[in-house]
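Peer 1: One structure is given below, represented as structure tokens, and several questions about it will come after.
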Amino acid sequence: MKELFNILLINGPNLNLLGHREPKIYGNTTLSQLTHALTKEATTFNIHLHHIQSNSESTLINKIHNSKNNINYIIINAGAFSHTSIALRDALIGINIPFIEVHISNIYTRENFRSHSWLSDISSGVICGLGLDGYFWALRTAIKRIKKISTLQV
């Protein structure tokens, strides 16, 4: 029987508005459509994709804390919290689970305040500016890294 691995997908503030908010920047696909497609892709690799979206920093921090013993990898689009939340940074450092930071838009070509992320330097990697495709690249990379680690531990 193949081992089942778990990836946590975290979406921060305003990402619940995907498909409706600034479609020229974020596209027309809803968060529900995106997570459905990602879940389907993950399942083909025997990965269980867990998802949370919250506009509340404390909810995201609690979810991160509760992931310590059952999540193998995290994919996070912290939205605006990327630029403001040292608390999210500390939560991710505290659980020591590798993560990939994703941004739909290229944060380096937008307003100056968006060009700094408190998460980037502690992440395994950052994907930005690739639209929703960035989530799929992050998922594939996380799966590849999980599988590599699991074969090394056998």
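From the backbone N, Cα and C atoms, a Cβ is placed for every residue, glycine too.
What you see is a predicted model, and the numbers here were worked out from it, not measured in a lab.
What Swiss-Prot shows for this protein is this:
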| type | residues | note |
| --- | --- | --- |
| ACT_SITE | TYR26 | active site, proton acceptor |
| ACT_SITE | HIS103 | active site, proton donor |
| BINDING | ASN77, HIS83, ASP90, ILE104, SER105, ARG114 | substrate binding site |
| SITE | ARG21 | site 'Transition state stabilizer' |
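Help me understand the surroundings of these features in the structure.
Peer 2: DSSP classifies TYR26 (active site, proton acceptor) as helix under the three-state reduction. For TYR26 (active site, proton acceptor), applying a Cβ distance below 8 Å and a minimum sequence separation of six or more within one chain yields LEU18, GLY19, ILE104, SER105.
Listed in sequence order, the residues of the same chain lying 6 or more apart from HIS103 (active site, proton donor) and placing their CB within less than 8 Å of its CB are ASN77, SER82, SER117, VAL126, ILE127, CYS128, GLY129, GLY134.
Around ASN77 (substrate binding site), taking its Cβ as the centre, 23 other Cβ atoms fall within 10 Å, counting all chains. Under the three-state DSSP scheme, ASN77 (substrate binding site) falls in the strand class.
Sequence-distant neighbours of ARG21 (site 'Transition state stabilizer') (same chain, six or more apart, CB under 8 Å from its CB) are ASN14, listed in sequence order.
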Peer 1: Relative to the Cβ position of ARG114 (substrate binding site), how many further Cβ atoms are located within 10 Å?
Peer 2: 17
